[in-house]
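This report refers to the structure that appears directly beneath it.
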Amino acid sequence: MSVDERLPSTTARAVVFAAVVGTLALTVHDPMAAVGIVAGLALAATMRGFAGSLWRVTVASAVLPAVVLGVVAAFGSATGALGIALLLVGTVVGVALGYIDAAWPTQSVVLRTGTAAMSAGIAACIAVVLLFWTATVGGIQPMLEAALWATGHGIAGLLGWIVIAGLLLAGGLLVVPSAAFTEPRRRDGHVALRRLLLWRLVIGAILLLVGLVLTALVAAFVPPIQSLLEGIAGSTVVRGLTVVIAVSGAVLTVLGAVARNSWYRTDERGNAVVAVVVGSAFGVGASAVAAGIGTRAGPIGSGEATVLFGATAVVLGGGWFVLWWYAKTMETVGTPDPASTIAAGLAVGVVAIAASTDSPATGVEAARTAVPSLVALAAGLFAYDVGRYGRVLAREIGSAGASRRPQLARIGWSGIVATVAVPIAAGGLWLATVVSPTLSVPATAGVLTAVVTIVVGARLLLR
């Protein structure tokens, strides 16, 4: 029997309100906290798409690289260590908010997200190479021309592309698993058909190569044939066709390798790996096209776009490893609680603000400066306490059957304590700094009084 992990709706709304208030309080010190919470919500919404149908998985896979690209760009625009820290805190809080009204992602969803991150990371690496190549040769058209003639001019260059295309197509036919095309009871027939296609491909490529070589030998003595071969070897249409076949074979090989690797790593009846890979490739491709348009229009430079996609590839690769490790340890580690994650994130944000303060103020200025941090800390404690109570209700009664009255009573009491605690803490801080800027006896007494007040209030709150 599964346990309902969702918070009751009334409690969930209270936790969301506390998270928004705490994030706004952190935004007073640096607006990157608000950017982070938007990025976290986008990541959570994208991850929730991996739990749906294949169409939703495809859309989520296409959106994921664009979202990660935006998050990386936001990190790049953050100024100073505090901005980066609050952006990270806001992202964590946003992801937790995205799952405040739903159960945490299952192992299947985590693995799908990890596969999408891996596929998008590989595609981002390819995009980095293409962007760098485009910037080096001076544009898209010179890059395409360089690709057409990469194997050399003349009949030898054409033979080189034919060999490459044949090898890549053969590799694709060998790597793609039979389960992608047929049912288990028809596997033997599909294997036989694949072998037949592979042999015909090999024999056809050999005959084509032999025919071209013999024709080239004959053309040395027959000038009309020589001019015909030169026209075929120098035709951009023929070269383009061989390049397209080679690229298709490479895509088929990569897709088959990812599909085969994912197929043996899951216990599901179905597998969404094709939807994941296709969506990821489309998302990275669309982002690369947008980046190319941006470099031509002038908002960003080609070097900046290359660095951005390179950093995105690194983040996606790291995300794949983290998600893969988390999926393997979910049964032992367990799933985090969104309310506790929000509380921890706000607390870390307050610590980051305190650590970045160079010259602490005194008196009223100290209390005024500390109020946003105290509000964020109080909001985090409120979210933790209310969320803990909501989990108890969901576990004992059920999320749908929990009455609003006890929830409102607990929310009201916790809200009163959190609201009163902020001015008390600010007053204690003001008193401690006014009496003495250093830890003298009166200042120590003021700090101890504030600590005792917090402990007594926490005990009353827990009761």
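Backbone N, Cα and C define each Cβ position, glycine as well.
Note: TrEMBL annotation is automatic and uncurated.
The shown structure was predicted, so the numbers you read here are calculated from the model rather than taken from an experiment.
Look at TrEMBL and you will find 15-42, 81-104, 116-135, 155-176, 197-221, 241-259, 271-293, 305-327, 339-357, 369-387, 408-431, 443-462 (among others) tagged as transmembrane segment.
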Contact ranking winner - 15-42, 81-104, 116-135, 155-176, 271-293 against the transmembrane segment (241-259), Cβ under 8 Å: 155-176
Outside the transmembrane segment (305-327), six or more residues from its ends: residues with CB under 8 Å to it: 65, 68-69, 71-73, 76, 107, 110-111, 113-115, 117-118, 120-121, 124-125, 127-128, 131-132, 135, 287-288, 291-292, 294-295, 333
Contacting positions for the transmembrane segment (271-293) when only residues 6+ beyond its ends and CB under 8 Å are counted: 50, 54-55, 57-66, 69, 112, 115-116, 119-120, 123-124, 126-127, 130-131, 134, 140, 179-180, 251, 254-255, 258-259, 262-263, 300, 305, 308-309
Same-chain residue ranges lying at least 6 outside the transmembrane segment (155-176) that approach it to Cβ under 8 Å: 149, 194, 197-198, 201-202, 205, 208-209, 212-213, 216, 229-230, 232-233, 238-239, 242-243, 245-246, 248-253, 255-257, 259-260
